Structures are given as structure tokens and as C-alpha cells.
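Written out below as C-alpha cells is the structure these notes cover.
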């Protein structure tokens with residue numbers, strides 16, 4: 001049980017970081033976009049740097065938010081009518097394992113290519129001249145976390161097949 005408690009603490013730690021990061025980025029986006037709308041009607045200053053901050057904030061919010069939802073197994077799943085038809089706990093666990101394996105393959109491929117994109121990015125942004133890698137970093141980091149959690153879900157699925165819980 002110590003491992004389960006440790007994993008739960010890691011879950012809560014990551015979720016807290018992701019929650020506050022996403023909330024902060026959303027507030028930044030709201031302020032910048034509201035400011036941009038205001039400046040269009042009351043031209044007191046130029047927001048020529050707006051695009052770079054919006055791009056970074058939106059990308060980080062989306063990818064780290066996705067990782068948080070992944071940890072909670074909260075992503076939308078369309079039409080999970082198959083598991084309701086399965087009455088055997090092992091069959092349900094096997095079905096869930098198949099779904100977890102398919103999603104693992106998808107997220108592993110995404111991780112691989114996002115890491116390549118990050119490694120190949122050499123350009124800098126036009127206004128602030130910070131590396132595009134800063135913007136792209138959210139993809140391999142978040143997908144790497146999702147890969148690790150997918151492996152955890154697969155292991156948990158195997159355990160449910162070997163030692164099914166009575167319903």
C-alpha cells in the first residue's frame with residue numbers, strides 16, 4: 001500500500017501544479033485578449049507582442065490541461081456501450097486494457113514526434129526573440145507524463161485481469 005500512497009501523492013502534486021498553471025495561463029490569456037480588444041477601440045498603445053504570449057499561453061494551457069485530465073482519466077470517451085454489456089470482471093478489465101493499450105500507442109507516437117519537433121526547433125520568436133523550443137516544450141513534457149500514466153493504467157489493468165474485484 002505504500003506504493004499506492006506514494007503514487008496518489010504524486011498525482012495530487014502534479015494535478016496541483018497543472019491546475020494552477022492552467023488557471024494562471026487562462027488569466028493571462030483573458031487579460032491580454034481583453035486588453036487587445038480595448039486597444040482596438042482606444043488606441044493608447046501597441047500590442048504587437050500579443051501573438052507570441054497568446055501562442056505560448058494557449059499551447060501550454062491546452063497540453064498541460066490535457067495531461068491533468070489524463071491523470072484523472074477524465075478524457076471524453078464516446079460510446080462506451082461495450083463495457084456495459086460485459087458482466088465478467090475479467091472481461092471488463094481486458095476490454096479496458098485494450099483501450100489503454102490503443103491510447104498508449106497513440107500518445108507514445110505523439111511523444112516521439114513532439115520530442116523530434118522540440119529537438120529540431122532552432123528559430124526564435126520575432127518580438128521577444130525567445131526560442132520556439134519554449135513554446136514546443138509543453139508537448140514532449142505533457143505527452144511524456146501521459147505515457148508514464150498510460151503505463152501505470154496498463155499495469156493496473158493487468159492486475160485487474162489477474163485479480164478481479166467482485167462486483
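Cβ coordinates come from backbone N, Cα and C, glycine included.
These features come from TrEMBL:
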type     : residues : note
DOMAIN   : 29-158   : domain 'Tripartite ATP-independent periplasmic transporters DctQ component'
TRANSMEM : 12-33    : transmembrane segment
TRANSMEM : 53-72    : transmembrane segment
TRANSMEM : 93-114   : transmembrane segment
TRANSMEM : 134-155  : transmembrane segment
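Per-class residue totals from DSSP over the domain 'Tripartite ATP-independent periplasmic transporters DctQ component' (29-158), listed helix then strand then coil: 97 helix, 2 strand, 31 coil. Looking only at the domain 'Tripartite ATP-independent periplasmic transporters DctQ component' (29-158), the predicted model's pLDDT averages out at 91.
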